[in-house]
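Visitor: In case it helps, Swiss-Prot gives these features for our protein:
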- 1-42: transit peptide (TRANSIT)
- 69, 72, 91, 92, 98, 100, 105, 221, 275, 440, 456, 457: FAD binding site (BINDING)
- 99: tele-8alpha-FAD histidine (MOD_RES)
- 167: N6-acetyllysine (MOD_RES)
- 179: N6-acetyllysine (MOD_RES)
- 179: N6-succinyllysine (MOD_RES)
- 215: phosphotyrosine (MOD_RES)
- 296, 340, 407, 451, 454: oxaloacetate binding site (BINDING)
- 335: N6-succinyllysine (MOD_RES)
- 340: active site, proton acceptor (ACT_SITE)
- 423: N6-acetyllysine (MOD_RES)
- 480: N6-acetyllysine (MOD_RES)
- 550: N6-acetyllysine (MOD_RES)
- 608: N6-acetyllysine (MOD_RES)
- 624: N6-acetyllysine (MOD_RES)
- 647: N6-acetyllysine (MOD_RES)
């Protein structure tokens, strides 16, 4: 893997003592790089003390830098390298440790291997699943690109499960239909048993090794380098040796994943801390729709580990304490394969009404033991293992205790379907020059208010590729990289120094736990105004407590105390925007279910014919995207709104799906 650890080796031999500070100057040292950095294309990286003599900064120059090396980041990075761009990929984890590896169920594409299918039907299902908050131009792009994207993965060597005649096996998944919702259940989810994310990530990583991409592994991105409204790279901390690095680039792609760890119980890795989302917030740019947090119906009770929707796609059913298949009452047609927000709310209602399972009656059961053992062994081997380890359940004999668990963030950094980051000025979308985003960190918005299962892996590969294509359309390899100020990134280093020597009264772990429990209690599956208001006050108070943090490790080498504190800052910014956005949205839509505002508020009442109705003004309905900003010093959240894009990329080829009452 080209470039891994090369930058760390630049400073090796000048390591800090665990409790020491950086020396004021660094002796010159040459180190052979295969990639180009600095003004002299053959020179090694430059060390500058323009920011601080205590924290010398190593400067690098690339055509493009990708932050994050999960599915989206890898696809963007090797797409850029393939096009000839001198590309850096910066990641706080080794690439195959990224959270993409945890995805289980599959990736949607209308291949038609199990029955006739059409990408336009997939488009319809995704728009409906989004509760008409998704942007239909982006959904059009994603669903049309889906079949080719899956074939591309197959050509890269991804070992999909197969039908008897050798085609890619496709299972049923929630919210998927044929013939625009009128043809029954679709089998559209391509899978590798129940380990699809693992296979996808390793396939993309293996593919990336073909290209001359420079990987900065175990580097923590601190902030974007912004000049005159343009993004010109990132500043990062090398976790291994504590060195600071400014990576200057004409194009920056954020692919840092979601912020699931704002909640106490979630299926996300502990590294899902919204780093990119927070960097954009600190840059003064908006985030979009953060109030829409998906609760996956089936997290293992007490552990939060994911049990894939593929279990229900293979024939598993949800039952209550009376042994009743209760989803038949809530979604008579789709039943257990209704969309995730519908199933999670139904489970919560069953528990509330006293039909929960166990001594506390606080969960339900997922039953699989009626399925043939050979089907469980071949299609759901990972789930069988996970259920035994985390619940002590043999799925061939007994049901799995499950509970809705935070799983995915529909909101993120606002982009168009090309991956270009947007801001909204005077009622118009404007592109932020040099900045792109993809994957769960981004909000295109293809998921709207609720994501369909197996659309997330599709999102990664389609929009990771889209970012690379967009950059290739507008730039050429070797284009001049815009300059940055000599002290660019100074505030980031000052913040790092402040946290490193923080000597307050609250531990990072204590404050993080308080935040997570507050989010879990105040912004859950069902929400109510008074509780949300209390949550806003609580999270604002906790944000203020950041100045009272106490860290214990004063060193710079593998200072995990410092890294976790930096992550907590990022989580706090995400939590603030999530709960304030939820309190402000006075309706129920998708994953945002208000008990005091139970109906969806559109520009028309779509439960009735719209003829004769007067369209509500923009300020009086909620079919619009939330844009949130945070004052970093005070924690004050400011909300604005932008309209949903209803037009597709080609109305003649793919007609807009008009809003309707959503039922399954």
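Yeah, the Cβs are placed from backbone N, Cα and C, and that goes for glycine too.
Because the structure is a prediction, the values reported are computed rather than measured.
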Visitor: Within its own chain, what residues at least 6 apart in sequence put their Cβ under 8 Å from the Cβ of residue 550 (N6-acetyllysine), listed in sequence order?
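Guide: Looking at Cβ-Cβ distances below 8 Å from residue 550 (N6-acetyllysine), excluding near sequence neighbours, one finds 502, 503, 504, 505, 506, 507, 508.
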Visitor: Rounded to an integer, what is the Cα-Cα distance in Å between residue 454 (oxaloacetate binding site) and the residue listed as 'tele-8alpha-FAD histidine'?
Guide: 15
Visitor: Could you tell me which three-state DSSP class residue 550 (N6-acetyllysine) falls into?
Guide: strand
Visitor: If you measure every Cα to Cα pair among 296, 340, 407, 451, 454, the residues listed for oxaloacetate, what is the largest value in Å?
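Guide: With 296, 340, 407, 451, 454 as the binding residues for oxaloacetate, the largest Cα distance is 13 Å.
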Visitor: To the nearest whole angstrom, state the Cα distance for the pair residue 167 (N6-acetyllysine) and residue 451 (oxaloacetate binding site).
Guide: 27
Visitor: Could you state the CA-to-CA distance between residue 480 (N6-acetyllysine) and residue 608 (N6-acetyllysine) to the nearest Å?
Guide: 57
Visitor: Which state, by DSSP, holds residue 296 (oxaloacetate binding site): helix, strand or coil?
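Guide: Note: residue 296 (oxaloacetate binding site) is in a strand by DSSP.
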Visitor: Can you check what DSSP calls the residue listed as 'tele-8alpha-FAD histidine', collapsed to helix, strand or coil?
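Guide: The three-state answer is helix.
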Visitor: Is residue 480 (N6-acetyllysine) helix, strand or coil when read with DSSP?
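Guide: Reduced to three states, the DSSP call for residue 480 (N6-acetyllysine) is coil.
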Visitor: Let me make sure I understand the span of the FAD site: among 69, 72, 91, 92, 98, 100, 105, 221, 275, 440, 456, 457, what is the greatest distance between any two Cα atoms, in Å?
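Guide: Comparing all Cα pairs, the maximum is 30 Å.
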Visitor: Please list, in sequence order, every residue of the chain apart from 296, 340, 407, 451, 454 whose Cβ lies within 8 Å of the Cβ centroid of the oxaloacetate site.
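Guide: Here the non-site neighbours turn out to be 174, 294, 309, 408, 452, 453, 456.
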